[in-house]
Amino acid sequence: MTALIELERATKRYAGDVVALDDVSISIGRGELAGIVGPSGSGKSTLLNLIGTLDRPTSGTVRIDGHDVGELSDREVSALRSQLIGFVFQQFHLTAGVVALDNVADGLLYAGVPRAERLRRAAAALQQVGLSHRMEHRPHELSGGERQRVAIARALIGHPPLLLADEPTGNLDSAAGAGVMDLLRGLNSDGTTILIITHDQQIATSLPRRLPISDGRMQPIAPPGIGATKEICHES
Amino acid sequence: MSRELIPGRLSLPDLVRVGQAGLRARPLRVLLSALGIAIGIAAMVAVVGISSSSREDLNRQLQSLGTNLLTAGPGKNLFGEDVHLPAESVAMVGRIEPVTSVSATALVQDASVYRTDKIPAGQTGGIQVLAAQVDLLPTISGQLAEGVFLNEAIAQYPAVVLGAQAADHLGAAPHQQVYLGKQWFTVVGVLQPAPLAPELDNAALVGWPAAEKLLGFDGYPTTIYARAVEDDVTAVQKVLATTANPEAPNEVDVSRPSDALAAQQAADATLNALLLGLGAVALLVGGVGVANTMVISVLERRGEIGLRRSLGATRAQIRSQFLAEALLLSTLGGVGGALIGSLVTIGYAFSRGWPAVVPPWALAGGLLATLVLGSIAGLYPAIRAARLSPTEALSTP
Ligand SMILES: Nc1ncnc2c1ncn2[C@@H]1O[C@H](COP(=O)(O)OP(=O)(O)OP(=O)(O)O)[C@@H](O)[C@H]1O
Ligand SMILES: [Mg+2]
């Protein structure tokens, strides 16, 4: 079986000669839990966006579940996102004024699932993240940690094999962040491949695999606790 | 890996729900931009409704007055000189088979009517003195406001029946005297306005014999009124000129007063077209308002657009979402406008004593116009929203 995520010499260049990602080749297998670590501006989000098919490389290839993203049409790439990938963002991106249940149900809106089924599964997903008692709350009535758990419920409602999280704990205090991480670890042990970007040293060192990046290039994998920790120390 | 990548369909109810949610988040802005559309549609529906109501009123009026009245009068000859109808023309018209009743009036030359003998000559207020046959009223469906009409007996004496406007101008009522043709005539009756014979409204009617005896009237009729069997009106209209003046049929002016009333209505159509044009301009401005609202909405909701793209929305689905939103917004305005326009029509028709008519095609047309406008106004913002790159959209706070 091929790796779930495969990058081959992927490069991302922005206008003004900014090379955000430089000749990156990585392979991430099914069921992995990996962290992308590196200083600010090193290209972590750029990498995650390429893997998430939200953006395409300037050169090189990105293959998700065997599909060469560069070859896919907009419809196909959209279908790939709705079937294979769940996203969790630092800013949650919950729809204001809409209750948690509906926010989570929207996770299946573009998957062709009927509304009743979406709501049923949204309730189950909220239960999975421990928010059964907050289903009818609007985002502004929830704490930061609760909001991120709602966002995670939305990402996992379609049971995607791949979950991408860009600094999911960046806006949370350490207790709430730990809650979110426990949730992600639980999902991973159920088989979901999870890739997260984190600035949190403790979280980073606790992950089974780390992908250090700096200046748009992947760094040689340092033994846990040395290279990565250093990078993060520079940062803070 | 062999998974087929086919995006899920967004069902119509889901599309409507998504569009509604976008509107519900900004109720005031939605209300204001819908109002722009509503004003345009209301104006157009009201213009059409009010003119339809007035036409319906005319139709009912004509139904009670009848459209089978014809008139014939002297025209001009080839040399542009005034001519007159033969004295026996009235009787001859009466002999046309489908003519059920016939009557006539005649302009009494050089006779004027004044309130008193102290009024300077010439200040007639445009009142014409007409000799009238005693059977005039039933033929033209005329009604008396007060007093009596001329009859065989009264028609011999210096008695006068005044048209509605003439009575008003002279300030005269039955039993009073007016100074007519340099002698005193007694007012015996006053007519109600006569829609089919508006020339009588500003006239003073005297008896045929009295006019001949007292006013030097020449006896030539100037307007012949003929009622014909409804189905034969056109046929009668064709032979009327020849019958009234067999020697010079081309010197006879024949007309159908109900047509004249309808023509007057048609003249109002010009004004209606102008008002309709103003309504269309208002509608257009409303459309610009909707486009503006949608453009702003797309700018403000980049984060939402990025999120939806990350959830698997295709460009087409994003486009549909914003188009649906624009359509809902303009439909809201269209329905509101149709409602307001109908209410205005009903209110105005009520105040004029007309039957209120709002033609269904006007409502349907108004709604169709809003739908077209909504799609045009929504198209550009929708395309912009769909073109947004997901990463760019997500990175805006
Ligand atoms: N849309 C863009 N246009 C131009 N340059 C960009 C764009 N997006 C990112 N960059 C640049 O690419 C580089 C990598 O950015 P990226 O967002 O991937 O960094 P990051 O590692 O996620 O940083 P942070 O930890 O601060 O989120 C940066 O130098 C950034 O300025
Ligand atoms: Mg980043």
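Glycine is treated like the rest: Cβ placed from N, Cα and C.
Values in this document were obtained by computation on a predicted structure and should not be read as measured data.
TrEMBL has this to say about the protein:
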type     : residues  : note
TRANSMEM : B:30-50   : transmembrane segment
DOMAIN   : B:31-239  : domain 'MacB-like periplasmic core'
TRANSMEM : B:274-299 : transmembrane segment
DOMAIN   : B:278-390 : domain 'ABC3 transporter permease C-terminal'
TRANSMEM : B:326-349 : transmembrane segment
TRANSMEM : B:361-380 : transmembrane segment
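Relative to the transmembrane segment (B:274-299), the listed stretch B:30-50 leads the set B:30-50, B:326-349, B:361-380 in CB pairs under 8 A. Across the domain 'ABC3 transporter permease C-terminal' (B:278-390), mean pLDDT in this model comes to 93. Same-chain residues lying 6 or more positions outside the transmembrane segment (B:326-349) and placing a CB less than 8 Å from one of its CB atoms are 16, 19-20, 23, 30, 33-46, 49-50, 52-53, 57, 286-287, 290-291, 293-294, 355-358, 363, 366-367, 369-371, 373-375, 377-379, 381-382. Helix, strand and coil content of the domain 'ABC3 transporter permease C-terminal' (B:278-390), in residues and according to DSSP, is 99 helix, 0 strand, 14 coil.
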